[in-house]
Structures are given as C-alpha cells and as structure tokens.
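The compositional bias 'Acidic residues' annotation in TrEMBL covers 185-196. Summarising the annotation, TrEMBL assigns compositional bias 'Gly residues' to 197-212. Look at TrEMBL and you will find 14-133 tagged as domain 'Cwf19-like C-terminal'. Under the heading domain 'Cwf19-like protein C-terminal', TrEMBL lists 142-261. According to TrEMBL, the feature region 'Disordered' maps to 185-213.
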Amino acid sequence: MARFTGKSWWWPKSPRFDRRYLVALGDHVSLVMMPTHRTLQQSSKSKWTGGQCLLVPNEYSETFVGLDETAWSEVLRFQNSLRGMFKDAGRGVLFLETVTRASRSGGAGGYQCKMDVVPVPRSVERDAELYFKSALAEVAQEWGTHQRPIPLDGRRKTLRNAVPKGFPYFYCGWDGGGVVQLIEGGDDGGDDDEDGGAGGGGGGMRAGGGSRGFQRDFGVDTIGGMMDCDPVRFNRNRPAADGDRKAILEMCERWKKFDWTLELD
C-alpha cells in the first residue's frame, strides 16, 4: 500500500502533500486545489479561469464507489457547493474519476482515489454528454468491446449504484447527470506516474500502459479537446514562482461563500 499512497501527492495523509493547497477539510472528504502547472491552461472570456481542484477522501479508499454513505454524502455536498461557486463565476463544472487499479477483494492495492473537478465554460458543460459519448464510442470501437457507457441521471441511476464494487471504471458527472464506462483489466502499467490512478479489476474497456488501452487522463484530455487546450501532459509550465499564492488566495476567497464545512463542529 505504501508504495502507491506515498506517491499520492493529492492526499492530505501522504508525506508528499503540500498543505498550502488544502482548501477545505470535511469530516470525511477534503477539497484540494490543483497546482496550476498541472491544470488545463484555459483561455476564456471569463475573468476567472482557475479553480481546477480535487475531491479526496480523508481515509484510504481505492474508489469513490467504495466509500460509505456518510463519506459519499460529503462528496455530494462538495459537488453542490462547487457548482454554486462556479455558477457564480459564470462557469460550469465537470467531475471526473478514472479507476484503473483496484482489488476485487477491497484490499489496499492502489493509489488513494481522487475526483477531478474541472471548471469549464457553460457551453462545454451543456455539450459534455454528447462529447463524452462520442469519445467513449471511439475507444470502444478501437478495442472492439460491446460494453456500452452507462448513463446516469443523478437520482435513480448514480455512480454509487451503477458500478459493481471492485470494478475499474471511468466516470464523468455534470449537473443533472453523467456517464460511467466500465474498464477491462485492472493494471494500467503506470506505477511510476506521480499523477497516479486508483482502483480496478472488472469488465468493460481495456486499461493499458503507454499509448495502449484506456488512459488515466482520458477525461481531462477530452475536456481539453472541447476547449482547444493542449493535454496537461504536454504542459511545459514550471511551478508558479509565487508558489501559487495568488491562485490559492483567489480560490479560497471565491470558495468562502459556498464553504459548507464552516458548519461543522
């Protein structure tokens, strides 16, 4: 377990975690801002193009599907508050989880899970369903899988009841719905990638290392394509000279109005 969690720089319990990026701490889930050099470099008419962040369980878990109901309720509260914050800034938001390494038995065998929170123009959020269905269909055609994406409505059909525990999957959520794709195979061959992955073992699309199989950055790359952004892995940006101080302060200031964790004892 330590082999992977030690590389999970986004997890507050990891020795690599930089506490400057901790935006909010719930009882079970944390909101962590992404270092700006790891984010999609967006150009937008919006005054604020920052805010890309992560939802991370406080305790170890390979997947969000594996969380208990109490922790999951905090995930939903964070999602609702984040939607409100980005709406206030004239933006939409998409939530992503890619699970490519997990143990069917539920044992600790992968990176700490994380859910990407990617702010986007409202038009991109509106078109997300069409774009992701098309992108997933292309991957399915490449691998010859007959496993179809599972549509979510946010009420009866949710991430929690759409994915069998222990199966690897890709998830994209938007306001009022989302989509899940099960992934074949549990090992993406990317142990040394510091961005890591989480969870997996099961049936659907294949997961593979290098340029083969379902990539951990599939979701962010798809969003980047919708906004004409280069993939994050092509970024040549170095960490901000000010240690992201300006970006962190702006994120915290915008979040303050929507921070439900202030209600906690």
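Each residue, glycine too, has its Cβ placed from N, Cα and C.
Automatic prediction, not curation, is the source of TrEMBL annotations.
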* To do: Summarise the domain 'Cwf19-like C-terminal' (14-133) by DSSP state, stating how many residues are helix, strand and coil.
  => 38 helix, 29 strand, 53 coil
* Structure fact -> On the domain 'Cwf19-like C-terminal' (14-133), the mean of the pLDDT values is 90
